Amino acid sequence: MPTAGVAAAVDICQPVGEKRRKEVISASANDGDSGPPKKRVYKRYECSAEGCTTHAKKGGVCIAHGAYGDRCKFEGCTMKEKINGFCITHNPLLSSQPPPQQKSRKLCSSEGCKTQARKGGFCVKHGAKLKRCSVEECANKAVSGGVCIKHGANIKLCSVVECTNRAQRGGVCRRHGAKVEHKRCSVDDCTNNAQKGGVCYRHGAKAKRCSIPGCDKYAQRGEFCARHSGEKVVNKKCSVDDCTNYAKKGGVCIRHGAQVKLCSSEGCNNQ
């Protein structure tokens, strides 16, 4: 019998060959000790499966290796039974089926090009012919119904009230919060957007210059820079007599009636 005030270990009977789940250490009977009884301490044991450090739950193993359920029938396997007495790894029905293969994207047939092929085995840069807008003299890409966005293609618009911009992600346009991920420059530690050849202008991408004579700025959309984007034809002047301004829309300049989109901010008349 243990003496007063000395803790005694109380063993719990368990099957041979399995780790004990816990060991309870408690205080012996209060023989003249007026102090409070000592708190029970539970010692947990790890799963008996080789290489597993999870706490054992039942039968000396964790839940993943068969606690609270039947084990796999495969010899030496301690995993939990899933289908027909076997685990997922050793199930003959599942193991005989090959894993599904991911469809690979066909790349451009041009040597060294990693762009996705469009039509005829090539990308747009190397000769793939895209369907153009059916409107006469329009070179834009057809989006829906054989026409481009400009000529009435049905597209999803921004969900913000009175906004006519095209929706990008989340049902809104870029102006109202759509986040569009751009491909980054392939040079290490460079965060600029890639332009041509997978690199930015700083690291060798060839940029197109503005088509206006004497302007050395980069072209933004089409053939012109941001300043000269209104000139559809190089050096086209306003059709009003004695006017030397560039024509913006309808053959005339803004001063003589060309309707241009103004800033949406209240009280702002800038283009």
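Here the Cβ of each residue, glycine as well, is placed from N, Cα and C on the backbone.
Over in TrEMBL, the protein carries these features:
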- 47-66: domain 'WRKY19-like zinc finger' (DOMAIN)
- 131-152: domain 'WRKY19-like zinc finger' (DOMAIN)
- 183-204: domain 'WRKY19-like zinc finger' (DOMAIN)
- 208-230: domain 'WRKY19-like zinc finger' (DOMAIN)
- 236-257: domain 'WRKY19-like zinc finger' (DOMAIN)
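For the domain 'WRKY19-like zinc finger' (47-66), the DSSP counts in helix, strand and coil order read 0 helix, 3 strand, 17 coil. DSSP states for the domain 'WRKY19-like zinc finger' (183-204), grouped as helix (H, G, I), strand (E, B) and coil, give 0 helix, 4 strand, 18 coil. When the domain 'WRKY19-like zinc finger' (236-257) is classified with DSSP, helix, strand and coil residues number 0 helix, 4 strand, 18 coil.
When pLDDT values are averaged over the domain 'WRKY19-like zinc finger' (208-230), the model yields 74. DSSP labels the residues of the domain 'WRKY19-like zinc finger' (131-152) in these numbers: 0 helix, 4 strand, 18 coil.
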